[in-house]
Amino acid sequence: MPSYTVTVATGNQWFAGTDDYIYITLVGTESCSERTLLDKPLYNDFERGAVDSYEVRVGENLGDIVLVKIEKKKYWVQDDWYCRYITVKTPSGDYLEFPCFCWLVNDKEVVLRDGRAHLPQDDKTSLVKQHRQKELDGRRKTYRWREWQPGFPMSIDANRHKDLPRDIQFDSEKGVDFILNYSKAIENLFVNQFMHMFQSSWSDFSDFEKIFVRIKNTISEYVMQHWKEDFMFGYQFLNGCNPVLIRKCKKLPDKFPVTHEMVAVSLERELTLEEEIEAGNIYIVDYEVLDGITPNSTDPCTLQYLAAPICLLYKNAHNKIMPIAIQLGQVPGEDNPIFLPTDGQYDWLLAKIWVRSSDFHHHQTITHLLRTHLMTEVFGIAMFRQLPAVHPAFKLLIPHIRFTIAINTKAREQLICECGIFDKANATGGGGHVQMVQRAVKTLTFRSLCFPDMIKSRDVDSKEELPTYFYRDDGYKVWEATKRLAKEKSGFAKLEAQFVNSMFPLSCIEFPKSLKTREELIEYLTVIIFTASAQHAAVNFGQYDWCSWIPNAPSTMRKPPPNKKGLANVNLIVESLPDRGRSSWHLGAVWALSQYQENELYLGMYPDEHFTEKPVKDAMAKFRTELAEITSSIKKRNEGKKLPYYNMSPDKIPNSVAV
């Protein structure tokens with residue numbers, strides 16, 4: 001009787017092994033094998049990390065093996081099993097690979113196709129056509145859309161992490177429990193003695209060092225030493241946590257009536273303000289999206305405040321970006337003065353602190369939450385619903401969706417929900433963060449997620465004009481390398497229109513309705529990968545560096561923005577900054593959010609081989625080589641710098657949004 005050798009690989013994660021019964025059926029073009037129990041006498045099959053081989057004997061010629069059916073049946077109690085892959089050696093000596101990379105839960109069966117990528121037009125037999133459709137029908141029942149809040153991008157239909165499909169849950173839910181992790185961070189940072197001291201103000205700036213001394217590193221310590229200085233304030237718009245807002249000012253907006261006389265002393269080239277604008281030396285940052293957002297009122301004992309500042313910046317003769325004017329509200333007037341570097345030192349410092357606080361809110365809610373976390377979840381759900389496992393786009397994207405839906409579900413469960421952790425320390429808690437996302441979605445466009453377009457739209461693409469914009473420079477390199485990978489792997493003409501259309505029921509979101517050319521497809525795939533990996537890394541892992549010194553990134557302000565000059569002093573500023581309790585929760589948050597996952601997979605690391613074709617594996621190897629070269633160049637540039645920039649270094653970019 002002909003015999004097939006079947007090799008089964010069990011996953012390495014916790015609880016991947018099983019004691020349940022595992023059956024296999026080989027489906028060929030001519031016939032099927034009998035349902036065969038995979039079991040070796042006196043041997044513990046399917047242990048965690050095991051690779052086991054079995055003989056499957058058949059009574060007739062099966063033809064070409066096109067499908068492998070795996071079934072799990074309960075032995076004693078239900079025992080989930082994670083199958084990595086199955087290989088089949090035919091009687092003629094050929095090897096076939098069947099990637100699985102999924103959990104078999106309860107009495108479940110999984111039907112696998114071989115690892116070669118197939119488009120719908122490649123399916124020639126009714127057997128594989130039916131398999132494709134059945135897989136998608138099942139996925140659409142499992143991965144359902146839901147609108148968590150009106151006006152939000154769509155998300156997964158699950159209230160809790162444990163309600164998610166097993167395949168997209170974290171290996172260990174405990175590792176991503178926000179309450180547990182934040183409390184642990186607060187304890188590890190030795191600030192637990194302050195964490196319940198809400199309403200208790202610090203004494204002065206140096207008092208903040210009591211909670212800072214245990215966590216300083218090269219950058220955070222430098223921030224602590226220089227946070228009051230204008231060069232440090234300006235530098236963060238280029239390479240801080242939120243390097244996505246600064247844009248060249250081509251004309252002063254009417255709502256920001258800065259005159260040459262106001263800023264003349266700050267200009268270094270003997271040009272008027274208008275001439276400096278024409279020369280391309282003036283930049284602007286506008287936090288209009290915060291205007292009218294409801295501040296946090298969840299604690300009746302502490303009033304909290306928000307502002308919507310506008311900040312004018314000047315590139316001086318040394319190519320440093322320096323603030324030259326700040327208005328803390330959107331409507332000019334006597335009660336909304338324009339603060340200047342020539343004002344009293346505390347007036348100017350307080351104005352800058354208000355900008356930094358507004359930047360913190362924009363970063364957390366829009367740059368980080370909306371434009372990386374929520375957007376990647378949308379891409380991920382659409383992928384599961386519209387692309388079967390044999391589709392080349394699915395194989396390309398699946399590593400970049402890893403744990404994203406899980407982390408977002410956990411965030412909705414504990415972090416940004418009503419009475420969640422977000423309410424404890426942030427002035428946009430209590431619903432303000434929801435309002436901000438709803439506003440920001442209305443101006444969200446596909447082109448704004450295309451890194452080169454986003455840079456160019458703000459007129460900050462010239463390295464000659466902004467030589468120290470490392471976020472831009474490193475981002476370009478990673479974008480181009482990613483685009484080349486997408487090009488190598490996308491040897492097909494189009495992506496099904498349903499994938500594109502199913503993601504955005506909101507008519508206000510400007511995304512392509514279909515992809516008609518290979519170039520459009522490559523760009524689309526690059527956007528998904530880049531958003532999930534490099535962009536998220538750039539705006540997430542620097543939070544500890546830039547936000548741990550609390551006066552540099554206040555999560556809330558407890559006094560209203562000043563409406564007159566000459567009122568500020570040290571006491572007013574300290575009373576405006578977060579109290580001891582909110583400082584501790586803020587510190588725990590930026591610490592926890594800046595930590596990498598255990599067993600993190602960085603860009604280019606694809607241990608789960610969804611592709612089996614050699615040309616694609618060669619393309620992946622080439623991608624890794626390119627990333628290593630980028631990493632090396634960034635490391636070389638950073639040597640000797642007091643403020644090294646490494647957030648876009650490929651060796652520090654996880655594949656997916658999982659933190």
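Keep in mind that glycine also has a Cβ here, set from the backbone N, Cα and C atoms.
Copied over from TrEMBL, here are the features:
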- Gly17, Asp79, Asp80: Ca(2+) 1 binding site (BINDING)
- Asp39: Ca(2+) 2 binding site (BINDING)
- His368, His373, His536: Fe cation binding site (BINDING)
- 2-118: domain 'PLAT' (DOMAIN)
- 117-659: domain 'Lipoxygenase' (DOMAIN)
- Trp103: site 'Essential for stabilizing binding to COTL1' (SITE)
The domain 'PLAT' (2-118), counted residue by residue under DSSP: helix, strand, coil: 0 helix, 59 strand, 58 coil
Distance, His373 (Fe cation binding site) to Asp79 (Ca(2+) 1 binding site) (CA atoms, angstrom): 32
For His373 (Fe cation binding site): intrachain residues, at least 6 apart, with Cβ closer than 8 Å: Thr404, Ile407, Asn408, Ala411, His536, Val657
Top Cα neighbour of Gly17 (Ca(2+) 1 binding site) in the set of recorded positions Asp39, Trp103, His368: Trp103
Integer Cα-Cα distance in angstrom, Asp39 (Ca(2+) 2 binding site) to Asp80 (Ca(2+) 1 binding site): 17
Alpha-carbon distance [His368 (Fe cation binding site); Trp103 (site 'Essential for stabilizing binding to COTL1')] in Å: 30
Among His368, His536, the most crowded of the binding-site residues [Cβ within 10 Å]: His536
Shell of the Fe cation site beyond His368, His373, His536, same chain only (C-beta within 8 angstroms of their C-beta centre): Thr367, Leu369, Arg371, Thr372, Thr376, Gln535, Val539, Asn540, Val657
In the chain carrying Asp80 (Ca(2+) 1 binding site), residues 6 or more apart in sequence that have Cβ under 8 angstroms from it: Phe15, Thr18, Trp103, Leu104, Val105, Arg166
Remaining residues near the recorded Ca(2+) 1 site, that is with C-beta within 8 Å of the centroid of the site residues Gly17, Asp79, Asp80: Phe15, Ala16, Thr18, Asp19, Asp20, Phe46, Trp81, Tyr82
